[in-house]
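First comes the structure, then the notes that go with it.
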Amino acid sequence: MIDASSRLRRAILLSDALLVKRIIRSNPGILQNPDFKDKSNTSLHLAAQAGFEEIVELLVDAGHEDAEISRNTDWDTPLMVAARHGNVDVGILLAARFPRSIPVTNKSGLDALALACLNPASTPLVSLLLSHPEYPAPADGRDNHGDTPLHHASASGSLKAIRILLSAGADPSAKNAYDWTPLAYSQTVAAEVYFKNLVAELERRKNEGIRGEKERREEAIKRKYAGVRLVTEDSETTSSRPSDDMSRSESSNSISSPIDQRGVFTPTVGKSNPWVNGGFETRARAWSGE
């Protein structure tokens, strides 16, 4: 008769969720079920390696990681196993449920990000691991050989991962313990050219950003002092005393009236000579009707 632990592993590999659930319910003590013949991989390691998301979720909900994050003899977590084997959906699930396992490293100094960069199929995990709000993976983390995730992405030919890492601030000039930069690990000439173009593009954007920031600061300073006029003592004295012409003009304007400014011929001045008839002007008497 097959023992329960072997039946559980077989059910996991067959992706038989109902059978897995039944075995766990009947034998709760073998939930983790480490296989000592296979690096002590647990049930969750096995499901993560196979990429069975439903089984992984079932095991997690059953309390597989309640005590601690399970690790095998290589110190690999289930998230690392999923990243190494390109099982993106499982990796997303495990990163969401156990984010504290993201920056964890194994015996070789590799974390989940480095392992995701080693497999182009795991590229969608790269941006997720880099941008986690609480436990982000370091873009320039190093393994035991001094290799960064960019070294691993270049060696695996994962061009998209290279772009993501460079955008996240990874240093393209970082050297490992053997004095090699990530560019030296490019698999093909085309990959090397692509790498160089990416670096040049990012440098150009960086320089443009610096110039743009400088121009914005200068423009802000100009706007700040654009309405300021320097006033000296002489100009203040001059501006405070109106000129004589202006004073006279204002005085004449204040004294004059419409009567003083009327023309020669107005209704109050006749066109006849005032010295007619002995100096007395005669005016026809209005008809009274008598």
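If you go along the chain as it appears here, the first residue is 1 and each next one adds 1.
From the backbone N, Cα and C atoms, a Cβ is placed for every residue, glycine too.
Automated prediction, rather than curation, is the source of TrEMBL annotations.
Values in this document were obtained by computation on a predicted structure and should not be read as measured data.
Annotation source TrEMBL lists compositional bias 'Low complexity' at 249-259. The region 'Disordered' annotation in TrEMBL covers 230-290. Annotation comment: TrEMBL describes 39-63, 145-177 as repeat 'ANK'.
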Q) Near the repeat 'ANK' (145-177), which same-chain residues lie under 8 Å Cβ to Cβ, leaving out any that are not at least 6 residues past its ends? A) 109, 113-114, 116-120, 123, 126-127, 130-131, 137, 139, 183, 185-188, 191, 194-195, 198-199, 202
Q: Determine which residues of the chain contact the repeat 'ANK' (39-63) at the Cβ level, with the cut-off under 8 Å and only residues 6 or more beyond its ends counted.
A: 8-9, 12-13, 15, 17, 20-21, 24, 31-33, 70, 72-74, 76, 78-79, 81-82, 85-87, 89-90, 93-94, 97
Q: Over the repeat 'ANK' (39-63), work out the mean pLDDT and round it to an integer.
A: 97
Q: For the repeat 'ANK' (39-63), give the DSSP counts of helix residues, strand residues and coil residues.
A: 17 helix, 1 strand, 7 coil
